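Features as listed in TrEMBL:
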type: REGION; residues: 1-43; note: region 'Disordered'
type: COMPBIAS; residues: 20-32; note: compositional bias 'Basic and acidic residues'
type: TRANSMEM; residues: 58-78; note: transmembrane segment
type: TRANSMEM; residues: 110-128; note: transmembrane segment
type: TRANSMEM; residues: 134-159; note: transmembrane segment
type: TRANSMEM; residues: 166-189; note: transmembrane segment
type: TRANSMEM; residues: 281-300; note: transmembrane segment
type: TRANSMEM; residues: 331-349; note: transmembrane segment
type: ACT_SITE; residues: HIS414; note: active site
type: TRANSMEM; residues: 454-475; note: transmembrane segment
Amino acid sequence: MTTDLEQETRIRYRRTKSVSRAEDLQKEEARVRSSQPDKPCHKPRDSLFSWSSGFDNFTGFVNWGFLLLTMGGIRLLLENFIKYGIRVDPEQWLIVLTGRHEGGADHPSVVLVMYSVVPVVLCLLIEKGLSVEIIGYIPGMIAHIVNLLVLVMIPMVVIHIKSSGFSLIGATSVCMTYSILFLKLWSYIQVNLWCRNRRQSMAKPHLRRQSLSFHHKSISDDVTNGSVDHEEKKTEASLVHYPDNLNLKDIFYYMLAPTLCYELNFPRTNRIRKRFLAKRIVEVVVGFQVVMCLFQQWIIPSVKNSLIPFSNMDVAKATERLLKLAIPNHLVWLIFFYLMFHSFLNLVGEMLHFADRNFYCDWWNANNIDKFWRSWNMPVHRWAVRHLYIPLVEMGYSRTAASVAVFFVSAFFHEYLVSVPLRTFKTWAFMGMMGQVPLSIFSKFMEKRYGPRWGNIVVWASLILGQPLCIMMYYHDYVITHIGEDLIDRYGHV
């Protein structure tokens with residue numbers, strides 16, 4: 001054994017010497033050749049496309065790809081104009097947004113949005129009862145659970161019963177409002193529970209007597225630290241403590257704040273930046289017009305034309321329609337991301353002096369699906385980690401089980417926000433979100449096996465192709481469910 005080890009060591013040493021000797025010979029040869037009268041211009045070099053060359057500056061190719069993509073988009077846009085003409089009609093925007101031809105005269109969506117104040121006030125009253133111990137812990141938690149379940153069920157029941165009274169935009173707005181309230185109230189209840197448990201634990205008598213020297217301070221320490229202690233006391237006095245936070249002003253500020261996670265003391269800004277606010281308002285207004293134009297001009301014709309190939313299971317034509325829909329859909333999704341997570345949330349945060357503006361991270365650089373979901377929607381991610389993932393891990397569940405639970409809750413709300421407004425109770429959105437679990441494993445495999453770039457390609461491919469496929473499936477099922485198979489030809493053409 002020892003002999004083999006010594007022999008291997010000698011071989012490695014000899015190889016090292018050989019490599020060093022070869023490099024020395026190359027340098028000596030280059031020096032000698034450079035002094036020759038034939039003016040040599042060649043030396044040992046690799047081609048730039050070879051991995052061994054070490055070259056990695058492909059900025060020109062990136063510019064070329066961007067230019068080619070732009071030209072292809074312009075061609076598709078011109079083809080759309082030639083085939084369908086100009087379909088942009090601001091009057092139709094108002095009809096769709098107001099639901100003039102869809103909703104009833106009693107406007108149930110407006111009534112439900114106004115009613116959403118009731119569960120919020122009920123939650124506050126229950127918390128007040130728990131804080132002064134008028135309501136016991138178990139009855140209080142049962143009341144909270146019933147309140148949250150009713151909050152989620154109300155849109156489902158009312159939209160199902162009064163289906164003719166809701167427009168698509170109105171039903172979607174109601175479901176979105178109630179979903180956000182559910183997550184906010186969950187956080188509000190849990191944070192107040194943490195504060196209540198902390199207050200009860202501090203109120204218990206200490207069994208171990210503390211040493212007298214623990215609180216002893218010298219006169220010099222008091223003189224030296226007097227100003228610091230005074231500032232700390234001022235800061236402490238300015239903070240809101242439990243149960244002083246249980247009031248209408250506090251809870252309604254939280255309901256309007258651009259966050260899903262409750263705190264007793266949110267970070268605040270000192271002033272409203274008028275120029276910053278004006279920019280965000282312009283972005284929201286202009287961006288909304290662009291999104292509506294893309295919907296009317298590009299997405300609606302593509303979705304309608306995909307119905308018949310998708311219904312007939314014509315794979316070639318359905319794939320062509322999917323790829324054709326992918327470009328405008330992805331463009332709208334990117335604009336929507338900027339409008340929602342940058343323009344609108346910053347607009348609300350600026351008006352409410354809300355200082356934490358970390359609404360998104362660099363999700364476009366995500367090398368796997370996990371990193372994407374941890375960076376693209378920070379308010380939801382922060383809520384999921386703080387109020388679902390960490391509590392489950394602390395209860396003894398594995399990290400994998402906690403992650404699956406997070407995806408399950410996310411899948412439920414994705415399905416809730418699609419199926420309830422459409423009144424088409426399928427599970428495509430739910431399965432799409434749960435499919436992120438195996439897709440995450442696959443993207444991590446690609447990242448580990450072929451490098452971060454391929455993991456990022458998997459992320460982008462899932463975003464570009466997954467959403468239009470979901471749109472095509474829901475449109476097909478909506479036509480079949482509410483209009484009938486006989487009218488597919490009518491709703492399958494522009």
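Count begins at 1; order follows the chain as displayed.
Quick reminder: no glycine exception, Cβ is built from N, Cα and C everywhere.
Nobody curates TrEMBL annotations by hand; they come from automatic prediction.
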Q: Take a look at 166-189, 331-349, 454-475 and tell me which one has the most Cβ pairs under 8 Å to the transmembrane segment (281-300).
A: 331-349
Q | Contact set, same chain, for the transmembrane segment (110-128): CB under 8 Å, 6 or more residues outside the stretch | A | 135, 140, 143-144, 147-148, 150-151, 154-155, 158, 170, 173-174, 177-178, 181, 185, 188-189, 192, 243, 246-248, 251-252, 255
Q) Within the chain of HIS414 (active site), which residues six or more apart in sequence place their C-beta under 8 angstroms from its C-beta? A) ALA429, PHE430, GLY432, MET433
**Q.** Tertiary contacts of the transmembrane segment (134-159) (same chain, 6+ residues out, Cβ under 8 Å)
**A.** 108, 112, 115, 119, 122-123, 126, 166, 171, 174-175, 178-179, 181-182, 185-186, 189, 416, 420-421, 423
